[in-house]
Amino acid sequence: MNTITTIVKREYREFWRRGLLRWLLLPVLALLVMATLVGFQRHHRYQAEMAAGTELSRQHWENQGEKNPHSAAHYGIYLFKPLNALSFFDFGVNPYTGSVFFLEAHYRSNAAFAAINDRSTLGRFGIFSPAFLLAFIAPLLIIFFGHASVSGERRRGTLDLVAATGSSPRHWLLGKWLATMSLIPPLVLTVLATAVIAAAIHGPIPSESWWRLAGLALLYAVYLGVFANLSLIASALTKHSGASLMLLVAFWIGSGLALPRLAASTSEQLHPTPNQVQFEKLMSEEKKAGLPGDGDKQARTEKLKEETLASYGVDKLEDLPINFNALAMQADEEYSDRVFDKHYRELFTIHANQDRIHRLFSLLSPTLAVRLSSMALAGTSPEDHRHFSGQAEIYRREFVALLNHNMMVHSKTGDWGYKADGELWHAMPTFKSQPMDPRFQAARFGNHGAILAFWFLISTALLLGWLPRRVFRRSTGSGPIREPHATDPKPAHGEVTTPC
Amino acid sequence: MLEAKNLSKNYGHYTALSQLNLSIEAGEVFCLLGANGAGKTTTIHLFLNFIEPSEGEARVNGRSVVDAPHLARAELAYIPERVNVYDQLTGVENLDFFAQLGGQRHGRSELLDYLSQVGLPARAAYQRVATYSKGMRQKVCLAIALAKQARALLLDEPTSGLDPKAANEFIQLLGDLAERGVAILMATHDLFRAREVGHRVGIMKQGHLLETVPTSSISATDLEKLYLQHMHD
Ligand SMILES: Nc1ncnc2c1ncn2[C@@H]1O[C@H](COP(=O)(O)OP(=O)(O)O)[C@@H](O)[C@H]1O
Ligand SMILES: [Mg+2]
């Protein structure tokens, strides 16, 4: 134990005296503080804008004056996507999905499509979020600290002196490991501490969010732990610090950039997302022509007309006590919903398949794994957006049905001049989004968290279980840089270095 | 104290060391002479168990270094050819660090005392090693050996790269250590100093120890003659 503290202390002295703490760690901590504060501020501003926007849209709605309900259904209403309190930490897909959505009759809100136009966003981070810094910049920091940890000592020869003391290689590596690992808590705790301060300034966030934030801190700690382990392993297995640095940066690029891009293009290749224009054209055609066996719109309306006349026991539409036009509009609305549901189910199946590919790639890319579980925990994932879009659609249907119903019961067929007043507008319920089932998010988080835990455990086992047996050994080619003359495989016969 | 029995090391078909038999007593200084590539460093590394022997064994204080590398190393001190302690630490911090790794804690004054015993003044001891010459770094290593109370010292070409004055001073220190009962194995090209400090010198060529001579029975000129003769054979 004592020797381990000695080793950690020496590492820290070295970090300090080489200026690494001042010139590498401190700037990254400062960036994290800034990103957290800015993220909080943005979130807070968005909340205020959203509240104001919701209020304004409702006011316009309620004060639109006398109007035919169907016109009102096209006058529409704006929904503002509520953001999870933790979107200050991880913006997730939000920068790509937009957050203001317009609801009206006949059309499913574009909220559903927005998330998916470019699935490669899964591999991207909102620039400058704390999550981005922890997932991309912090690993580089760890790499810079760790890459020369063993190779540097081997190159300079201090490794031999350490080995010659007779101390245990496992203790030595454990000391190095602890020293490198100890850089991680400051990184994640800085975000937590800044969040506490920001919450005190801008107003509290739900207590449940604190738990999630703690989970995120742990998640990123494990993620960075993987980089710390890999840095030490690379440093122990390479001859030069330059080689280990190159290897590690290559891994960082592969994990952070190449594999996420590859995941995006592979999933798009295997499960192509339909083009939005075509997708909508297909739906509107199917609405008109009808699903197989249902007949076209005209035939469906004709059938409804006969059924309605029969059920009221009258012969002519004018004799109905209700407005058949409104009834037909609602029937058409509900038929459209069936068509939407069918197509969106297909679309969501494609998304689910694409997500599976991403998950597969995340086995190889800790960065993708941390990205996917971080979004899930922060409530900013594509699933969260999909969930919101489903909620918005349910509300839109209720909204349109209420308007059609009013027109149906308060006017007669052909009476397009009917106008409803403020009473109806006021009666319209406000939109309340239900939060996503936390169990689903937990499962998402758990899946990718498990991938990271796996990476961490394997690399730790390698580092502390396998490496100690060979770190003080010299296998061929892993010795210190020899003096030039010593590398001659066979000295020329008779060659003598003149004694001094 | 240091013992090699049929000690051999092959790299593929290449023999770096062949059937070395050698025994160095406590208090004895043995110098290994030989051209570059003769197998001197290989011998030292085998005693440290930095590499595994292809055949035979190396023993420290009667203990096989392969069976108990940590125990064997605990009795050894090693000064590599390119001697480097930690640049960012001072001399005294280096000494403290290596002593603690060896399981020993010494007070500041004790540490300074060890350093002054090897001729490193307190003023230098508090400077970072980055400013040290090779000779000063070697002294730090010797102080490490002292603090560790090593029973045997392995030195790889300690005088190469030292100015003559520093080399003489260093050789003097080795003599002192030997008098305290430390067994010393020193690989060197420097046959004059080898003769001066060594009790015996061994001439090594292409992995073979060709001849061992007691220094008391040979003059420097004869030693040089003998050495060159072997090299030209
Ligand atoms: N890791 C290695 N792989 C292959 N050959 C080696 C290795 N280490 C040393 N040798 C060879 O073994 C021979 C003895 O080397 P060494 O003991 O370093 O010589 P020296 O007497 O100069 O110290 C040299 O020819 C050297 O090239
Ligand atoms: Mg050598």
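Yeah, the Cβs are placed from backbone N, Cα and C, and that goes for glycine too.
TrEMBL annotations: computationally assigned, not manually curated.
If you look up TrEMBL, you'll see A:20-40 (among others) marked as transmembrane segment.
Same-chain neighbours of the transmembrane segment (A:127-146): 15, 20, 24-25, 28, 31-32, 35-36, 38-39, 88-91, 180, 183-184, 187-188, 191, 216, 220, 223-224, 227-228, 231-232, 235, 245, 248-249, 252, 256, 367, 370-371, 374, 378, counting only residues six or more beyond its ends whose CB sits under 8 Å from a CB of the stretch. Annotation source TrEMBL lists transmembrane segment at A:127-146 (among others).
Annotated transmembrane segment per TrEMBL: A:177-201 (among others), in sequence order.
Sequence annotations record features per position, and here TrEMBL assigns transmembrane segment to A:213-233 (among others).
Look at TrEMBL and you will find A:245-264 (among others) tagged as transmembrane segment. Within its own chain, the transmembrane segment (A:245-264) is flanked in space by residues 119-120, 122-124, 135-136, 139-140, 143-144, 146-148, 227, 230-231, 234, 238, 357-358, 360-362, 364-368, 371, which lie at least six positions past its ends and keep a Cβ under 8 Å from the stretch.
As annotated by TrEMBL, transmembrane segment applies to A:445-467 (among others).
Taken from TrEMBL, the feature region 'Disordered' applies to A:477-500.
Annotation source TrEMBL lists compositional bias 'Basic and acidic residues' at A:482-493.
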Beyond the flanks of the transmembrane segment (A:177-201) by at least 6 residues, Cβ under 8 Å: 4, 7-8, 11-12, 15, 25, 28-29, 32-33, 36-37, 40-41, 88-89, 130, 134, 138, 141-142, 145-146, 149, 213-214, 217-218, 220-221, 224-225, 228-229, 231-232, 463-464
Long-range Cβ neighbours of the transmembrane segment (A:213-233) (under 8 Å; 6 or more residues past either end): 86, 89-90, 131, 134-135, 138-139, 142-143, 145-147, 149-150, 173, 176-177, 180-181, 183-185, 187-189, 191-192, 195, 244, 248, 251-252, 366-367, 369-370, 373-374, 377-378, 445, 449, 452-453, 455-456, 459-460, 462-463, 467
